[in-house]
Each structure stands twice: as structure tokens, then as C-alpha cells.
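A short worksheet on the structure shown next.
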Amino acid sequence: LLSQFDPDNTGYISTEKFRSLLQRHGSELDPHKLEVLLALADSNSEGRICYQDFVNLMSNKRSNSFRQAILQGNRRLCSKALLEETGLSLSQRLIRHVAYETLPREIDRKWYYDSYTCCPPPWFMITITIVAFFLYNGVVLDRFVLQVTHPLYLKNALLYHPQLRAQAWRYLTYIFMHAGIEHLGLNVVLQLLVGVPLEMVHGAARISFVYVAGVVAGSLAVSVADMTAPVVGSSGGVYALVSAHLANIVMNWSGMKCQFKLLRMAVALICMSFEFGRAVWLRFHPSAYPPCPHPSFVAHLGGVIVGITLGVIILRNYEQRLQDQTLWWIFLSIYVIFVLFAIFWNIFAYSLLDLKLPPPP
């Protein structure tokens, strides 16, 4: 094919030859893919098309140059939107619904609808939710929710405790404990309703990065801003995902076609505010195990900051290489600097400030 349409090996195909190729083989292509190919041909004013962009499209790969070629010209989109298509199966309607819930551009929705195969499924969020929360707390501890008044609360090997901050795993494993059934319930609901669709669209690698970055930022923020308190719960990761999703909706408000988007945002904000308000109240409530206070609420704020920085960049650039995004590198550098600062803070600041920490459990 390359030798036939690009005999001089320039890496480009003339739009005339490209159109003849589409006319000859267009009936063999998926309608959505043919539509994007036509948009690619219409958008180029130089009379040639990059062969690699064509290969990327046919092999279900997105590149930044391909996306720019589409966006710079007049995109040729068929008048029938994806939302208007009929005769879809239940699984196809679910995929279409997820596309409209998370993606602001029609061409991205059609691309996602055309290429999504549910292989692999959204395993990360489901695994974290089911295995981490229920299996550990329910089977190992013989208790589905480890209340802050439970005798094993502070003696658990997973929660973050300021006296045990040298045990690095605690900055992650604290998400496996929750301060009550309402704490667990709200986190599970938000995590499944928001996290699973986001993972279906953006993949486990990106979503797990945002989630884990929020978790780590949450515990480190507590170690810097609320130095005497322990931490439990997955709110850092959950708030990172939810805040990134909500910020993405606000930034692309006109393009988001999800139904009742204002109502959904209001419900999510109410749930987050209720859970955060409860965490603040619990932090200053008399502890069941004095002098150790109740868990800190600062982890929530760390997750929100990660969501509206790193999370927004990841969700905004659907199927593009983040290495090409300047803001990605800026926010990633800020995050790394914060992590390094918090590590040094944990090593030196506690002894220099001569804090009175609660006794180890």
C-alpha cells in the first residue's frame, strides 16, 4: 500500500489518492472510522495526508498530530449524532452513555464508541472497591467496617499514624480502613459511579495514577499540615477522581451532553461536602482513645488538589500522549516537588518542632 500510494517514500499520501482509496474500500470500513477518515481528508489544506496518521487510525491509535489535523480544519461529521442512533443493544447503549458522561467532543465519543472492546474491563476500580474494602475488613478483621471506637483501630498495621510514619506502606494502605459505615458507603458510591466510567474511557493506567497520586498526596498533606493525627479512608483517591471529573465538566460545559449534568454535579458536591463536613466534625470530636485524636480531614484536600491539576490534564487529553503536554509536565513537576518536600519534612521537621505526638499504638 505504501509503495502504491507513496512511491517516493515521502511519508505522505495525496488527498486525491486518499479519496480514491476511500471510494474503493469505504464500504468495508466501519461508518464511524470512515467518517473520521473523511474529516482527515477535508481538514488538510496542503493536498497531502501523513501516512502515519492513516496507519494510526486504522490500527486504533490516536496521535497528537492526527488530532490536530482534525481540529484545525472543518471537521466533516455526519449529521446523525451518536446519541440519535437506534437499534443498539444494552451493552452498546451503556458504552454510548459512558461516552456522553465523560467526553466533551462528538468525534471523541464516536471514536471511543467504535474502539471500546471492554478488554480489559475496568478492573482497577472494581478491585480496589471490592477486595480492598470488603475482603480485608470483612474476612481478616471479621468486621466490614473498622469503627474508630473498635479496639483494633489504632493497632491496625494499615492506618497512617504519626509515630509510625517511617513505615512507608502506611502512606498507601490507610485506604483499606474507614471510620464508620457512612464513611465507607459514600466513598464506595462515588468510587463506583465516577471511577468505573472514567476507567472505561481513559484506561486503568491513567485512572490508577490519579487515584494513587491522590492517596499519597492525602497522607503526605496530613503529615505536613495536621502532624499529630492519624489517617484512614480512601477519600484522597476518591476526591482526586471526582474533582477531576467535575472540573472537566465545568471546563467543557458546552460540549458535555450528559443528561442532568447540573443535577449530577450538585449531588456529587453535596455528597462530598457531607462527607468532608463529617470528617471535620470527627477530627475535633473527643477521641475514644486519648491522647490520640480522631482521623484527619486534610487528606480530602490533598486529593482535590491532585484532581484539579494532574487529574484534569489526564481527563482532558483523551487518548493523547501526555508527554507532549506542557501543563502535564508542569503539574507533575509540582507534585514531585511536593512529595520530596513532604519526605524531608517527615524526616527533619518533627524533631525540630519538638511536637508532642500521641503514643504509638
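Numbers here mean position along the shown chain, with the first residue as 1.
Cβ from N, Cα, C; glycine included.
Over in TrEMBL, the protein carries these features:
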type	residues	note
DOMAIN	1-28	domain 'EF-hand'
TRANSMEM	123-146	transmembrane segment
TRANSMEM	207-225	transmembrane segment
TRANSMEM	231-250	transmembrane segment
ACT_SITE	S235	active site, nucleophile
TRANSMEM	262-284	transmembrane segment
TRANSMEM	296-315	transmembrane segment
ACT_SITE	H300	active site
TRANSMEM	327-353	transmembrane segment
For each of the active-site residues (S235, H300), count the other CB atoms lying within 10 A of its CB, then report the residue with the highest count. S235
Taking just the CA atoms, what is the gap between the residue listed as 'active site' and the residue listed as 'active site, nucleophile' in Å? 6
Where else in the chain does the transmembrane segment (231-250) make close Cβ contacts, counting only residues six or more beyond its ends and a cut-off under 8 Å? 102, 104, 128, 132-133, 146, 148, 159-160, 174-179, 183-184, 187, 190-191, 194-195, 198, 207, 210-219, 222, 256, 258, 261, 265, 268-269, 272, 275-276, 279, 295-296, 299-300, 302-304, 306-308, 310-312, 314-316
